[in-house]
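Down below is the structure, laid out as structure tokens.
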Amino acid sequence: MSRAGTWLKMLGAGIVICVGGPAFVQSIRPTDEELFKRYNPELQRRSLEEGDRRAQEFDDYVNRLKQWSKSDKSIWYAAQEQQEQKRSEAEALRNQAKDEARAQREEMRKELLGGK
């Protein structure tokens, strides 16, 4: 009987730990509203202002991950390719802006030289 009693005690203790532990954690964890109320007013205001922007950024990121996962390549390679593509586009825009500025300077020079 002592072995059966020991097993029953251990089974009971296991059930209390496996069920009671998560239930206890759930009961003491504050809700999002309680956490928000603990913020100071400036943080509350900033959180409200930036909440939509952050949610949109997260949605964009999740959509990019979904797009990358459709590729046959690894997500990391797809992300790297997209970064390289953005970098090359930014470089092309920079070069275009430089060319436009150079053309504008040349026009200004011609106007100044032609006006003298």
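Placed from the backbone N, Cα and C atoms, the Cβ positions cover glycine too.
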5-40, 77-112 - the range that Swiss-Prot marks as coiled coil: 77-112
Helix, strand and coil totals (DSSP H, G, I; E, B; other) for the region 'Disordered' (86-116): 30 helix, 0 strand, 1 coil
Outside the transmembrane segment (7-25), six or more residues from its ends: residues with CB under 8 Å to it: none
Averaged pLDDT, computed only over the residues in the coiled coil (77-112): 93
